[in-house]
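Visitor: What follows is a single structure, and I will ask about it in a moment.
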Amino acid sequence: KESPAMKFERQHMDSGSTSSSNPTYCNQMMKRRNMTQGWCKPVNTFVHEPLADVQAICLQKNITCKNGQSNCYQSSSSMHITDCRLTSGSKYPNCAYQTSQKERHIIVACEGNPYVPVHFDASVEVST
C-alpha cells in the first residue's frame, strides 16, 4: 500500500523537470500520476525542486494548516511550482487542466518518523 509520504511524492514532486512552458504539462502529469482515475482531481500542485529541499521544509517555519492542525510548515525559500487547475466544462474522463507556473513559498503538512511531508496545504506569494 502507498504510504502517505509516497503519495505526497507521486502527487506533488516533479524534481527532474522545470515544467517547461509546456501548456499540456498538467494534462500529461495528472494522468501519469494517476489523479484522473475515477474522477478529475480539481486542483493539484507540482513542485520542481529536489526532494531533499522539500523534505527540509518540515524543519522550517511551523504554522497552522488550513484544517486547523498544527503540523504545517512554510518553506523559507521560494520554490518553482506548477499549479494544475481543472478547466471549467471539463468532464471525466476527459480531464483538461490549465497549467500555470509560479514561484511561491509552499506550505506542507509533515508527520511520521522520519518526519516528512504528507500533504500539500497551500502556496503563498513571495513577499517582495
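Cβ atoms are placed via backbone N, Cα and C, with glycine included.
What Swiss-Prot lists as active site, proton acceptor is His12, and the listing cites similarity to another entry. Here Swiss-Prot flags His119 as active site, proton donor, drawing on similarity to another entry. Per Swiss-Prot, the feature substrate binding site maps to Lys7, Arg10, Lys41, Pro42, Val43, Asn44, Thr45, Lys66, Arg85; the stated evidence is similarity to another entry. As annotated by Swiss-Prot, compositional bias 'Basic and acidic residues' applies to 1-13. Residues or ranges marked as compositional bias 'Polar residues' by Swiss-Prot: 14-26. As annotated by Swiss-Prot, disulfide bond applies to Cys26-Cys84, Cys40-Cys95, Cys58-Cys110, Cys65-Cys72, with the evidence given as similarity to another entry. As annotated by Swiss-Prot, N-linked glycosylation site applies to Asn34, Asn62. Residues or ranges marked as region 'Disordered' in Swiss-Prot: 1-26.
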Visitor: Given the recorded positions Val43, Arg85, His119, which lie within 10 A of Cys110 (disulfide bond) by CA-CA distance?
Guide: His119
Visitor: Show which residues of the chain containing Cys65 (disulfide bond), separated from it by at least 6 in sequence, have their CB under 8 Å from its CB.
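Guide: Those within reach of Cys65 (disulfide bond), by Cβ under 8 Å and sequence separation of 6 or more, are Asn71, Cys72, Ile107, Ala109, His119, Asp121.
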Visitor: Under the DSSP assignment, what numbers of helix, strand and coil residues are found in the region 'Disordered' (1-26)?
Guide: 11 helix, 1 strand, 14 coil
Visitor: Counting across all protein chains shown, how many other Cβ atoms sit within 10 Å of the Cβ of His12 (active site, proton acceptor)?
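Guide: That number is 19.
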Visitor: Return the residues near Cys95 (disulfide bond), defined as same-chain residues 6+ apart in sequence whose C-beta is under 8 angstroms from its C-beta, sorted by sequence, else 'none'.
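Guide: Once residues fewer than 6 apart are set aside, Cys95 (disulfide bond) is near Asn27, Met30, Lys31, Thr36, Cys40, Lys41, Leu86.
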